[in-house]
Structures are given as C-alpha cells and as structure tokens.
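Shown next, in structure tokens, is the structure this report addresses.
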Amino acid sequence: MGPKCKSGFYVSKTAAVLVTVLFAALLISFTVLAALYAISRMGHGNATMHEEPTQVPIPFSSTFAATTQKPSRPGIWDHYRLPQTLVPIHYQLELWPRLDPDYDGTYRFTGAANITFQCKGETDIILLHISHLNVTVIQLEIVSGGTEVPLVLDVWKAEVNPYMVLELNTTLKKDSVYVLRCVFTGAIGEKRHMYGLFIIHYTDGGQNMSVVASQMEPTYARSVFPCFDEPAMKATFDVRIVHLYNYVALSNMPAVDVTIREDENGHKWNVTTFSTTPKMSTYITAFVVCEFDYVSKFEGSNEIRVWARKSSIQNGEADYALNVTGPILTHLEHFFNVSYPLSKTDLVALPDFIASAMENWGLMIYREDYLLHNQMKDSLDQRAVICTVIAHELGHQWFGNLVTMNWWNNLWLNEGLATFVEYLVPHYVEPQMKLNELHAFADMQEMFAADSFLMSQPLTVKEEEIQSHQILPMFNLVTYNKGASIVRMAAGFLTKKVFQKGLSSYLQNFSYMTVEQDNLWNHWQKSVDSQNELQLPAPVKDIMDSWTLQMGYPLITLNTSSGTITQEKCFLTKPDNQTSHGNWFVPINWIKNGSVQPMKWLEGNNSLFPEMQATSDQDWILLNVNVSGYYRVNYDHSNWERVLNQLMKDPNAIPVKNRAQIIDDAFKLVLSGYLDVETALSTTKYLSKETEFMVWRTTLDIIDLHLNFLSNTHLYGLFKQYLLRIFSPLYKYYMDLIGGDVYKVKADAFMQVSVHRSVKTACWLGLKECLQLAASLYARWMSNSTENKIPSYLRYDIYCYGIASGGVKEWEFAWEMFQSQYGTEQDQYLLFALSCSREPWLLNRYLQYSLDSSLVQRRYTGSLLSYVIENDIGQSLAWDFIQENWKHFQTEHGGHQFTSVLGDLAERFSSEFQLDQLVKFINSTMDEHKQHEAIEHIEEMKKSRISFKTKYYSRIYNWLKENLHNTGY
C-alpha cells in the first residue's frame, strides 16, 4: 500500500442482492469464458476490435440460490487460515460493472470465474474466501488426475470466517487438478466504501463523470470474486472486463483483444481481454474502467502510461510522473539486478482514493494529489512528494509483487523494503532535493517517538497473532518506518556491495514465491560468506532478529571517562523498575575530535572500549555517525559539555545529520528521564549560526512538541521570545540569499522548502518583517488574484498569516477561492489557511461548514478539524464541536478517519483535566477493542506530561530567563 497511509479502510457494505436480468446476460457470456482466453496475443499494449463470437451455453451440474450463512458445526472453516489441501493455479475472471444504479441507488456488478486448483491432500471440503458476494451458479469439473467428479452437496457461508464452504459427496484426489466455475453478483462501493470494487463520481470540463476502480489489499479481493485470498496462494490470472464503448478498461496486463457483446436489450458493450498475468497474489489484482486520457512513453520495451481525467492530461499535470517513472524503474532494475517482469506500467490518478496509492502489479492507483503536478500552480516540494510515492509503489513491484511475504505478520518485507526504496531512488531523479538525507532521517525520528511507547510492537510478530481483524492495524509506522530504518542500518554495516548482492539473490531466488524474514537473512549471510573483507560479530540472522523480534530500540550510553558503552531499552517514560533491558547487536559508527574511527559492535548489555576514553578535556566523541543506526545516544555530562562547546566553536566539524540528532536525542531523553533539561536546552544555543534546513526542521518539530506541554502557561511566551532571538538570523540568511524576492526561487526545490519553513516559523514567532511580507503579498493577491499570484511554495504561509493578520474580508476572500479551487493543490493550501483566523466566530463558522459535504468534501473533513485544532484559539472550539457532532461523523464518514483527529487533540492537550475528558469521550464512543489501545496511549502520554511539568517547569523558566538575559533581552 502507499506510504504511511492515514486514511485506512472502512467496514464493508451489506451483501448484494441478485439482479435476475443482469445475471441472465452474464450466464450466456460465461459459457465461453475459457475459449476467449485462448485468443492469440497481439502486440505490446495493443488491442484489436471485432464482433464477439456466438456463444453456446454450457450446462451447470449444480445451481444454488443466494449463498446463505447458517449456523455451522465445528470444522476447518473455523480456522482463520485456509487449509493447505487445495492450491490455486489459475483464475479465468470476467467482471461486468454497471454504471447506472439500481432502484435502491446501489451500483452493482456481475462476474464469473473459473478457478483451477490442485488438490495437495484428500478432502471433501472446498473453502474459498467470499465477502458480500451472491454466488448463483457453481460447477465443479476435473481437469486431470482422475475421472470421477465429486458432486457439490451443499454451499453455505461460514459464521466465524469469510468462507464459502462447498461440501462434496466424495473426496478430491491428491495431485488431481480441478476447475470450479461460479457466477456471482456484488455491490460496487461508493463514497467512504472505497475497497473491493468502487465507483467515484467527479467532474471534468463541467461534465459529470464516473470511474470504477479496485482496492484489494489486504483482504478485499474476496468481495470482488470468490478466491483463495491469502498472499501465499499465488496463481496466474486471465481477466476480461465488460464495459460501455466510450470507456476504457485497464487491468494488470496489456489488453490483447476487444470484442463486442450485445445484451438482451440490444445494447452493445465492449469486452476487453487482457493477457495472462505472472503468478501473483490476489491482493494485487486490479481493475479500472474510466473515461480518462493518458500520456505515455517507452522505457526500453516497457510502455509507461499515466492516466488521469482529460483536463489534467491536457494541462500537462501527468508529465512529471511520466518523466520520473522510467528512470526510477531503470535504476531499480540495475540496483537489484532483476528486470521488471511486465511489459507495461500504468499509473492511474483517481479524483479520490482512500489511500495515497496502491502498488497493484502493472496498474498502480494513486490519489490525484500524489501523482499529478501542475507546474503553473503547484510547488516544487509537491514534486518531491510525488517522486517519493512513485518510488515507493515501484519498489513494491519487486518487494511485495514479485517476492511476497507469506503472511501479514511479515508485512514489513513488503512495506519496509518499499519505504527503503523511497530513500534509495529519488535522489537519482531529483538530486537537488536531498530526499535521501531528509526523508530517511525524518522517518526515523517519527518512528523513535512511536516505538518508545510500552504499547509498541515488534517488527515481526507470530503468525497466529495476526488474524483477519488484526491485518489492517499492521499497516502502521512500525511496519513502514522501522522496517525501512532497520534495512538502512543493515545497508550501512553490511556495506553497499554485500547488501546489494544479498538483496539481488533474494529477489532472484524467490521470484513469484512467498517468503519469511529468514529468507532475506540467509541471502545476506551468503553474500557475507562469499567475501573476506567484512567480518560480523554474529550470524546475520542473530543480528537482525535482535531488531525485528522485539519491540522498541536501544538507548546507547557512552561514559568517556572509562570508555564503557551500555545499552538499555529506551522508553518514552523511564520505568521505575525496568525489568526488560533488551539486548541488540548494535553497530557503533563513531568519530573522535572530528576523525572517523573504525566501527565497533556492542554485543551485550555493556562493553569496554578503551579507545573511547577521553584523554584530555578537549576530547569529544560522537556515536552513530550520520545516524545510520536505529538507536538513540546519551553521554556522560563531561562529553555532552565538550560536544556543545564544539558546536559553539565550529558546528561544521560535526556532520549535519548528527547536529540534528544531538538536538533530537537530547530533548527526547529529557522526556524519558535520561538527561537533564538544561543540557537539552543548551543544544539550541549555537543555532543562531545554523543554516542547514535538516537541523532546523528537527529543532522546530521538537519545539512544537514541547510547546504543547507548555501551552496556556507564561512559559509559552518566554520560549517564543527565545526562539525569535536564535531564529531571526536564519530568516535574514534566506532573505539575503534570494535578495528579498520570493518570486526568484523557481528551479531550486530545496531552497523553496527552506525559505518556506523560515517564513512559516518567522511569522509564527511574530517577526515583524515576516508578518509585513505576508500581509503585503496577501493584499496584492486580493487586489488581482490572476496577476498577483503568490508563489506556490509560500501559499501555506502567506494565506495563513494573511488571514491571521486580517479579518472577515480576508477570510471570506479565501473561502470564495477555496470553493472555486476543488481538485487542485490550491484547495489544500486554502483548507489549512482558513483555520488560521484569530476570530473565534469565524472558526466556529468554518467548523459548521464541515458538516455540509456540498461546502467541504468528505475527504477534507478530518484535515479541517485537525487544522483548527492546531490553532491555539481553535483547539477548544474544535473539541466542543467534535463532541457535539460525533454521531454525524460516524454516520457520514465511518468514524475511522477521526481516530487521528482525536490523536491530534491528545497531542495538543496540555492539562490532566483535558486528557481525562478525552478518555471519557473515547469510553463512550469507541468499541472496546479500540478503546483499550487509545486509552492506554493517552494514559501514558498524560503520565509523561504531568511528570514533565512537575520536574522541569521551574528549571525551564530559570534557564530561559538566564539565557534571554545573557543574549541581551
């Protein structure tokens, strides 16, 4: 799935009702399903059109009415995993979505499937996954290995698991091959039900239009066709799609034939047939029926097409994605030494989508804002987002599609490795963006925060711990960010050559197969064993298991007086009686007085390294050079002082990533109780000399967190006063670089990001020059929005602070612009900016607008609430509003996306009373399973914040007063 998707998935719709007329048409066409797949293949991506041949019905031996659920006796259908007695070989699949709703407003589809499978162990039961489908015809035939065809005695739906159970009169014979033919109907999802097969309504050039698409991951293929819906149950697929003549059908493989079918009413339909897929899992099958246009080019023999609504194609919005996709694919082929196995690559931009993107093999689906870029309207940093998401999905073409995890407990082998590709590839496409440095470091910092909670999870869990209802929660930060961080660390200590060779042999050996993490370890081990230069302290499996099989991460502490290094598990709040210390194999990259030293390994809880002793009061030592290891670092007080002195004297002697790490580690260790707050605050004193964006981004993120603890206290003002003092030089530095002309920064994306962040922060701190800039640019824009457009990279900042500095006139102008900018990146800027008002009545009006989907699209409601929560004036208004309207959100939006909104409230609440009120609300609105996890998280957060205020409030006050005085305030 796409990177760190926050949207999630929703509860499925009610089962479809049989449509007799539609079924009759399908039954006629189904009879020659096998014959049509034998049509000879055409050229790459091309299709010919001719009349569909006359069809002759095939008699069905067993016909059933709607497959019903009934109380079941104990049996194999009670287990959450399919038995290994039957293995799929091939699916012949036809889908016929209808774009006109039924009398009840439901959109429906009909389908037919021939499922060829082999019997691996004698059984008189066939289990298939099925969800919200109505199976109307079933026929079992034998292909090879015998002559007797068992009769289907009964078909029913299991109660506990989503199985269709077929009871036979005799057993299927071992090694025999059978084909199960079935005809079925189902409902097409709408609005918040964007899983399985779903429909999206949109406008293009003033015309109302619709697109049908699919989302199968993790377990929604079963809602589109009966199947063996587990990652390890790989098979090949022949697909054909019936659709209106003015629509185009897309699937995983190229179209090879288009025929004409006439229904019982004399209406003609196109039938598009696709070539046979490689062996693959059901969750990456994909289908799109649309009126989109596309741009295309060839990368070698691979045709790449980017599809979008016609107006977007005409505006050139798909060009950037098209231009980066080929180079990324080529780079990955070279890096992995494994060719991309398909002959075409389609990327489709949907007007709406529940995830950021989905990696379906050969047919990747994206939400528009993650694929399309309008160079006249969108900022260059949006290109960085697009490039990163495309890299992630293309990484999945190898990690997940070609080589797939055996079960969802090893999901990180898909998502963690694909996230690592985000660090690996975009740098080669957009080197000026420095994405490989910024993205990896930001992901690790985000992961550290999540992985320090007691409720965190290991990267790999036991198979039996991930049953059907536990699969979706596995798509989390641990799986994505920690998985990528662990791989990045392995790339560092294995060396590029060894790492790359092992990864390549892993992909080559397990192509079209499924794996567990030990398979990856074994191939890295073989790569290590094939050379003599690299020596590891233990087998690769022992090293890597120490990082994947236990939750959390280590805190490495160096005592430079003795040269002793210790490790312990790092918690958000240091436990009073820590019983689990954890034990990792830790690679220690380090520098002494600016010189890189040979890598060391910490193999137990502590080790002595005499070379790490400080022999003079000038010696300073820094661990985890370039932050390649997944751990935090602490030092004895003397080394902290020497490192801080070095920062004041010459910060460039310390690598940029480590300057950011020093600040991040120090402040987080204060929260955990491992470091005094004065030392952490002192890491910021040198920042008036700092111009690197990475360091300032880290600093500002940390300060934002700590200011949450201090909001509504007089310390908040003191902190902002101190920040203004150390930050003002950076604002002046960037303004001088661009000569004060924000329109000059056109081609340098990294500079755009840096100027954007400096303007955003300076205006937030109340720097007069910045606020004047925002007010001036906003006023010019209001006077002539066509001629005086604000540079796209500054729109968040100028819109926000233009509104914050103004009144109702500025707000209503932005609202009118928002209403006219749906479907562009501009609407995201304005959605945020409208929450920046300092007028409570305007914020309340904005919140009320979120209840009306004609004013604010449903997909934006959660973001709108989160933005208002970020406004210190809007926080309490949003909290009252959410409580009053929670039932509406549950009814209209499913409630799922608002879990993150409650998380935003928890992050912003600074008092024990506020957090207690939030817990009461969760208890009264969430189901018991979700309650436990959310409340445990909040209680841990509350304990941490109470402890922080008790321990550090007066000390922070004293430090700020002293340092403000010393710096001239």
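Heads up, the Cβ atoms here are built off N, Cα and C, so glycines get one too.
These numbers come from a predicted model, not from an experiment.
So that you can see what the record holds, here are the features copied from TrEMBL:
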| type | residues | note |
| --- | --- | --- |
| ACT_SITE | GLU393 | active site, proton acceptor |
| BINDING | HIS392, HIS396, GLU415 | Zn(2+) binding site |
| DOMAIN | 87-284 | domain 'Aminopeptidase N-like N-terminal' |
| DOMAIN | 320-547 | domain 'Peptidase M1 membrane alanine aminopeptidase' |
| DOMAIN | 620-929 | domain 'ERAP1-like C-terminal' |
| SITE | TYR480 | site 'Transition state stabilizer' |
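Between the C-alpha atoms of TYR480 (site 'Transition state stabilizer') and HIS396 (Zn(2+) binding site), the distance comes to 12 Å. The most densely surrounded of the binding-site residues HIS392, HIS396 is HIS392 (count of other Cβ atoms within 10 A of its Cβ). Mean predicted confidence for the domain 'ERAP1-like C-terminal' (620-929): the pLDDT average there is 90. The C-beta environment of the residue listed as 'active site, proton acceptor', restricted to residues of the same chain at least 6 apart in sequence and closer than 8 Å, consists of GLY2, LEU347, ALA357, MET358, GLU359, MET364, TYR366, ALA418. Counting only same-chain residues at least 6 apart in sequence, those with a Cβ under 8 Å from the Cβ of GLU415 (Zn(2+) binding site) are MET1, GLY400, PHE475, THR479, TYR480, GLY483. The number of other Cβ atoms within 10 Å of the Cβ belonging to TYR480 (site 'Transition state stabilizer'), over all protein chains shown, comes to 28.
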